Amino acid sequence: MKKIAVFTSGGDAPGMNACIRAVVRTAIFRGIEVYGITYGYDGMINGNIKRMQSHSVSNIIQRGGTILKSARSESFRTKEGRQKAYDQLKSFGIEGIVAIGGDGTFTGAKIFFEEFGIPTIGCPGTIDNDIYGTDYTIGFDTAVNTALEAIDKIRDTAAAHDRIFFVEVMGRDSGYIAVECGIGGGAEFVMVPETETDLKKVVKSLKNLRKSKSSSIIVVAEGDEEGNAELIMDKVKDKVNDEDKEFKVTTLGHIQRGGNPTARDRVLASRCGMAAVEGLINGESNCMAGVVNGDVTYTSFEDCIGKTKPLKGDHLKLIEILSI
Ligand code: F6P
């Protein structure tokens, strides 16, 4: 393998830059020319492909976002778009690809590999931590810590005014961010899509609130089946029906996607980036480099996309025991 390309796709995640850096420097260390594709699959189709050197990735390990930009491509969903992307890669002589992103990115990579056969390895870059085949995804730890910092601040003002706050966090269909910042932030309730949300229980506890404590933090994962935080708050408020209780909603939103990656994310990203390049050299393909139980592993795209990663049982237990 003489030339490889790297790109980021889907929602950006803190640590993607550290991963790009590891890919570029490992490739150079191994005597491979490395190219950066900007704007994900759209950039591949449009030929936004540039040679990268060691200095191209200087001073980025600590930066959030992605120097290669990101996009969610509609054109790549079409056969015509993928053909154009293949033609572009061929014209640059690219023989291997490292795709940094989440399940949408890997779905595209799998189809592309099956159609055109260019060896491809993925690195799990998403704050959602919803990818099978890695204990954690790049960006998750940073997002949890960002949400946690916000929850700590909300708790101060919640306590000062005896208010009940519904805090909505990201995660798409996954409750991982909600669970970890809920445990870390001492939330009274955590609502996630993976388990049925018992609003009756929440209402009952909030009705009794004055007896035990005066303020509450309820963390709501954006994918919860009862709706978003605003909707859930309305339902609960209606049932609690107590004019003395004040309810507020805070939606943390895209703040969770930015910021300097934590040490844990930088190390994970660097390990996955190096493993992706080493994997390509050793003939691995159509799979993702992740870290399971502390060790680097390769998991087929098929499993990464097709299998679900359940929440940890003891996490759910902790929430139950430590809540209201
Ligand atoms: O997948 C990452 C993520 O931040 C999800 O948690 C969220 O649902 C989604 O992306 C938001 O996407 P966008 O930035 O396109 O609004």
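Note that Cβ sites are derived from N, Cα and C of the backbone, with glycine treated the same way.
Among GLY11, GLY171, GLY175, GLY182, the residue that TrEMBL places alongside ARG72, SER73, GLY102, ASP103, GLY104, THR105 at the ATP binding site is GLY11. For the binding-site residues given as THR105, SER215, the lowest number of other CB atoms within 10 Å of the residue's CB is seen at SER215. In the three-state DSSP classification, ARG257 (substrate binding site) falls within a helix. If you compare every pair of Cα atoms in THR126, ILE127, ASP128, ARG163, MET170, GLY171, ARG172, GLU222, LYS248, HIS254, ILE255, GLN256, ARG257, the residues listed for substrate, the longest distance is 33 angstrom. Put simply, GLU188 (ADP binding site) is 15 Å from LYS248 (substrate binding site) when counted between their Cα atoms. Taking CA atoms as the reference points, GLY102 (ATP binding site) and ARG25 (ADP binding site) are 22 Å apart. Only GLY11, ARG172 of the binding-site residues listed as GLY11, ARG172, GLU188, SER215 bring a Cβ under 6 Å of any atom of ligand 1; the order follows the sequence.
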